[in-house]
């Protein structure tokens, strides 16, 4: 199974991806996480350092694939998760999609691409150009990370449109949304009413999730010294269980940008309060609540 994780830049994709990878490994899977970001920091909380990238390694070998060994590019992370960082071209030059393609090509050359039960692609921000949509070419499922805010949901909608385009030529489905560090979910729920899709999980607003990134550790590793965080790990294990159930997934419904922008922006012009929440959500999202 191959999973591509997308979402707005800074929403917590890498932190979420690392914890999901460990949860999948805890359920018995052999897991590889591939960071698809020129910053090459996707696997930082799994390894505790910035590992060498595929592109760095290829350049050092003058692109002689036969001189590269699996241990040159695949690094062991916490919880038995293997880690790869694709890297990227120099800033302002080249294409990220090319780098993803080279990464998959090399892993196939090393007979490593098909040795895993699960490969998780952690993809740069909300860029859905042809280049950074490249991981969708290999994925069975896409998971979108969001929160309950305007920008994250707007990005989620753009990513959903990109997934819809890819399903025309690839056996790809959207597994659903994961809400990250959010105390409310009213806009998330309103969005999935208009654009039906599963909400896999909504993680509460827990500061330790953000702190784990700074510490270079996953929540699962932090539990060793802070047992009180064990309940947070259950959220990630629930996400893993739903993914491992091989859900049917969906082809997202397309909502044009301008319509979506108008719908969500209205929520900030007409704040929802407890007494008028239902009526305001009807007006905001264009559907009748029953």
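Keep in mind that glycine also has a Cβ here, set from the backbone N, Cα and C atoms.
What TrEMBL records for this protein:
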{"type": "BINDING", "residues": "10, 11, 12, 13, 14, 15, 39, 180, 181", "note": "ATP binding site"}
{"type": "BINDING", "residues": "14", "note": "Mg(2+) binding site"}
{"type": "BINDING", "residues": "95, 129", "note": "[4Fe-4S] cluster binding site"}
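Recorded features from TrEMBL, shown on the structure.
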residue : record           : contacts (Cβ under 8 Å, 6+ apart)
12      : ATP binding site : 145, 180, 181, 209, 210, 213
14      : ATP binding site : 35, 37, 41, 42, 43, 44, 45, 122, 213
39      : ATP binding site : 124
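Cβ contacts within 10 Å of residue 181 (ATP binding site), excluding its own Cβ and spanning all protein chains shown: 18.
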